[in-house]
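S.K.: The following block contains the structure, expressed as structure tokens.
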Amino acid sequence: MEAEPPLYPVVGAPGPQGAEDPLGVPDGLEAPLDELVGAYPNYNEEEEERRYYRRKRLGVLKNVLAASAGGALTYGVYLGLLQMQLILHYDETYREVKYGNMGLPDIDSKMLMGINMTPIAALLYTPVLIRFFGTKWMMFLAVGIYALFVSTNYWERYYTLVPAAVTLGMAIVPLWASMGNYITRMAQKYYEYVHYKEQEEQGPRQRPPRGSHAPYLLVFQAIFYSFFHLSFACAQLPMIYFLNHYLYDLNHTLSSVKNCGTNSHGILSGFNKTVLRMLPQSRNLIVVESVLMAVAFLAMLLVLGLCGAAYRPTEEIDLRSVGWGNIFQLPFKHVRDFRLRHLVPFFIYSGFEVLFACTGLALGYGVCSMGLENLASLLVAYSLGASAASALGLLGLWLPRSVPLVAGAGLHLLLTLGLFFWAPVPKSLQHSWILYSAVALWGVGSALNKTGLSSEYRMGTG
Amino acid sequence: MRDHLELLLGVVLVTGPALGISPCSFDHGVALYRFCNLTQVPHIPPTMKILLLSFNSIRTITPTSFPFLEQLQLLELGTQFTPLTIEKEAFRNLPNLSILDLGRSQISFLHPDAFQGLPHLVELRLFYCGLSDTVLKGGYFRNLDSLAHLDLSKNQIGSLHLHPSFRELNALKSIDFSLNQVASVCERELKPLQGKVLSFFSLASNNLYSRISVDWSKCMNPFKNMVLDTLDVSDNGWAVDTMRNFSNAINGSEIFSLVLSHHIMGSGFGFHNLKDPDQSTFAGLARSSLIKLDLSHGFIFSLNVRLFETLTELKVLNLAHNKINKIVEGAFYGLDRLQVLNLSHNLLGELYNSNFNGLPRVAYVDLRKNHIGIIQDQTFKSLGSLKTLDLRDNALETIHIIPSIPTIYLGGNKLVKLSHISLVADIIHLAENRLENLADLYFLLQVPHLQILILNQNRLSSCSPSPAPAESLSLEQLFLGENMLQLAWETGFCWDVFKGLPHLQFLYLNNNHLSFLPPGVFSGLAALRELYLNFNRLTSLSPGDLPAQLEFLDVSWNQLLAPDPAVFASLRAVDLRHNQFICACELSAFISWLNHTNATLRGAPADRYCMFPEAFAGVPLDSISTDGCDEEKAFQALKWSLFISVTVMLTLVLVTSLGAAKFRGVCFMCYKRAQRLLFGVSPQRLELDRYKYDAYLCFSSKDFEWVQSALLVRLDTQYSDQNRFSLCFEERDFVPGENHVVNIQDAVWSSRKIVCLVSRHFLRDGWCLEAFSYAQSRCLADLRSALIVVVVGSLSQYQLMKHRPLQGFIQKQQYLRWPEDMQDVEWFLNKLSREILKKEKKQKRGSSIPLQTVATIS
């Protein structure tokens, strides 16, 4: 039904700028008191217009911040929960005592498969979902699904975890696609609100020149990625405040680990099967899960309440005019663009470098030499490094856009080479500063890579 | 009598300390004085029955050494640390003595009348006393009418010239001369024993007949006219010739059991200088009615033809521990009554068809510890009465030659795979082989009449895809310990291996590395009573795992962490030692079961201990308190309810938010339709009142197209019968030719409400603004708001404020905005309709009659 052409052409000549924000500025409330009383002779239209657009711009900024914070909280809760549960489930004793004959490792592997495999199919339905729900509501729905996943961890059974994981897997791509779309759209709107004068002169129907919103996009993406990378730090909070009290120290967990880093075969071979000094009580688990649940719910409310709509209903008609048949081709449309084709290796690399940071680097080097109790601080270092370095994405304002991308890759290459020749001593805290700086530097590289890649991509697809 | 006393002695020795008799004291008829450094007999009350004085330093026994002990039956004086002198009638004061033990005492002087006055002495032990021939020649044992057992072993007796008084010892049953130095025994030396029936006569380890050459024609038959149950002449270094001579010499004496172990007959392995026994070696025993012949521990390499031909009465033949490698055809001819044949610990490498010919009644053949690697097909066919075949510890690789006999021992061979022959047996022992595939187990389970199957220490670990389910109605015991069933079961196959065993009572699955039990694997075992799962790696047991009739379960040495007590509810006994119990609240149900169960718990409570957490490691379970664990259940319920409520809440929030965002238009339409259906409110014409029109729509003529499609079609009665308003608008209702201002004024005053559709065109259209002014002035005149402003398009506040006529209204009054989302149009129109109707009703309800008056005047 949305596909029909507009029944009512918009009356008059609506400017591209509109009062579309239902939660934004209610009419007449901000008007100063003296203006309410009687007529006012010297009505300064210019001033009012400026104020109006300033409010609009602030609204856009608020949207960006809310969306970034919501995404970061959601992802942080999800990662934190997953990390905590995987460590708990890794412990043989915990597994056997709490879930004797439930086959928890099997469930965990199925769950991870559900989370990681389902997104492959997401190319097919993501445009359909975004088209049907709209950008903001897709974001809200996906964040809600993350929250549902968190809630199933109250009752860990096969029939709760696996369906929740599959659903979560289905929501991952739409979430980040709509999130990216939202940020891009906000940059476009910000550009429009800044250049309202030119808009009026050029004529309302005129689209802004392609790529004109690039500087704003860079800034917004820097904001977004700062928040996003903070989510890795948020994810460590359950470990820092809860799980670390229950963990054995490195002398126990690493007792049979012989080699680390480049010398080791596989990740953490010989790691002790038991890592828990004592089993966490149900009471504490419930408290931790409830806190996570509350944060996930808060993220939902953030997206629901503070994120304005990305498009006005009349604008979204543009998107809707894409036919249902063509919409399946939408993800592949970009492949026709040769510039974007060059980015494909970077996309793959971008996925694997985070994977490497979280497993190879953090586990194979970090945990292997410093023990599981230091995993949280290592990942916090990564997160803070990445979050701070997301600001480096702003370099794109002055330098060619490809510079951050190449710089990130180069940094990673150097680090990889360095790590390739280094095998930290197991059960030793001597080299902790090297590890912390390596992890933080890797975070810097990640941030450069992410910001560079997404700005390239968003510019490419416009 | 003797047996009873030995039993008594044994009981005393073992339980002495347990009875509470402290050393060097007496109690309950027993005087215990071992290791008491005594130099003479202590004073004990006359009620003593047993006096134990070994390991002391008593030098002399005189008739006055002992007080009168009428009830004393056992006196132990052996192993004195100093040489012992025994005077005349030394034991006179012990008239009822039955057993006198002087063994291992260095007797420096023994008076010939030392044992006089002991009419009831049954057993006299004089082993290792350093006695010489004189003890036999001197008549020391005169008048011992009851003496039955005389032990003179390990002395220094050189010849057996017996004192004639031996003839009077009518009760004599056994004499032991082993480990002396008797070089030869001849007929005249043992003359006093002629005519006696002895149950045991030992001449073992004396180098008898082997150090000196014996003239057998002079020596004659030493056992002439004697009947011996057991004659022990082992370990005398007899070669074949000595044996032949001896057997010829004792020709005619009845000997039922001849012990000839540790001989040197036979050539041995790798030598040819000594002869193997032959047909003539045992020929002299033909008339001895020999029933049992022990030829073990020798060097026989070859069993020659007709070796035992003359021993027709023989029932038990022991050839163990020889070097037998060759069994000549016909070696056993003549052994028509032989029942037990022991060939264990020999060097047999293969068995031929002819090996066991001539043994029609053999029931038990022991072939253990040979090196048999191959057996000819018909080997056991001639053994018609064979019941038990022991082939343990050989080198067999196939079993196709095994006959169908009740008991088959095949343990310790090299069987890797069983050939599936038709076999009938009661007991099959296949432990310590190399069986790998469970298909062999399925085959064995189908052996008819099988009652006991022993498969310990194999390598059962693989499972053929789908063997036929095994069924055995007879099997009662199944030993599968020390295999690798875990490997077979973890592939997911062979879970039905115990399905068809309804009479199985004992099942051993210990040491199988089991880390799980396949669901329902024991479900077919309706009669199972005892199940052994010890030494596995089980971490948990489910209640459905065990069969219902089970009485005893052994799960010791597993890794049970927090077992469910419901598993053990129906058991009578259970062994739970050495598991890895986790002393957390999850274990509280188990601990309370442990403390209150009626079932027998095998093993010490200290062996059921915690392994985790570290603070509790090694603490026995029965000392763990489970207070404060009740809340765990409440937490489970809390978790469940939290899960449900949070999930439901999230789903509701999601559904309602998305519903409100995407389907509010549909919902509103449904709501309206439902309202119409329920309350029957149909759009009806409003009753006519003083107004000609319900509303005057004021808009720019450039917007007409839009207004028509958006508003007029939905609201105006002339456009559709469904609509309820009669609207006034310029294009239709203004009188042509009339002054436009008049038209506007008419329209304003003859309509109940004025609806201004403020768009960009409206703001630029002077007439529209004029009409707006009139409407505002009517509002002022009426003192009620007849003006409804609808802002259409993206006009923001500041853009409206620009226009002076609108400024006041915009600031003070509420105005409507045309919805941007199409789904809200319906709802907006509804709202607009209510706005058009609203004030009228208020007026009817209301208080302001004066306003009516004003209206009339105008």
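Cβ coordinates are placed from backbone N, Cα and C, and glycine is handled just like the others.
Straight out of TrEMBL:
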REGION    A:1-23  region 'Disordered'
TRANSMEM  A:60-81  transmembrane segment
TRANSMEM  A:111-130  transmembrane segment
TRANSMEM  A:137-155  transmembrane segment
TRANSMEM  A:161-183  transmembrane segment
TRANSMEM  A:216-243  transmembrane segment
TRANSMEM  A:285-311  transmembrane segment
TRANSMEM  A:346-367  transmembrane segment
TRANSMEM  A:379-398  transmembrane segment
TRANSMEM  A:405-425  transmembrane segment
TRANSMEM  A:431-449  transmembrane segment
S.K.: Any contact between the transmembrane segment (A:60-81) and the transmembrane segment (A:405-425)? By contact I mean 3+ C-beta pairs closer than 8 Å, pairs at least 6 apart along the chain.
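M.R.: Checked: the transmembrane segment (A:60-81) vs the transmembrane segment (A:405-425), no contact.
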S.K.: Where else in the chain does the transmembrane segment (A:346-367) make close Cβ contacts, counting only residues six or more beyond its ends and a cut-off under 8 Å?
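M.R.: Distant Cβ neighbours of the transmembrane segment (A:346-367) are 260-261, 264, 267-268, 271, 374-375, 378-379, 382, 405, 409, 412, 419, 422, 424, 435, 438-439, 442-443, 445-446, 449-450, 453, 456.
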S.K.: What stretch, picked from A:161-183, A:216-243, A:285-311, A:405-425, has the most CB pairs under 8 A with the transmembrane segment (A:379-398)?
M.R.: A:216-243
S.K.: Quick one: do the transmembrane segment (A:405-425) and the transmembrane segment (A:285-311) have at least 3 Cβ pairs under 8 Å, skipping pairs fewer than 6 apart in sequence?
M.R.: no
S.K.: So which residues does the transmembrane segment (A:161-183) touch in its own chain, when a touch means Cβ under 8 Å and the partner is 6 or more beyond its ends?
M.R.: 63-64, 67-68, 71, 74, 78, 107, 110-112, 114-119, 121-123, 125-126, 129-130, 135-136, 138-139, 141-143, 145-146, 148-149, 152-153, 217, 220-221, 224, 307, 310, 454, 457-458
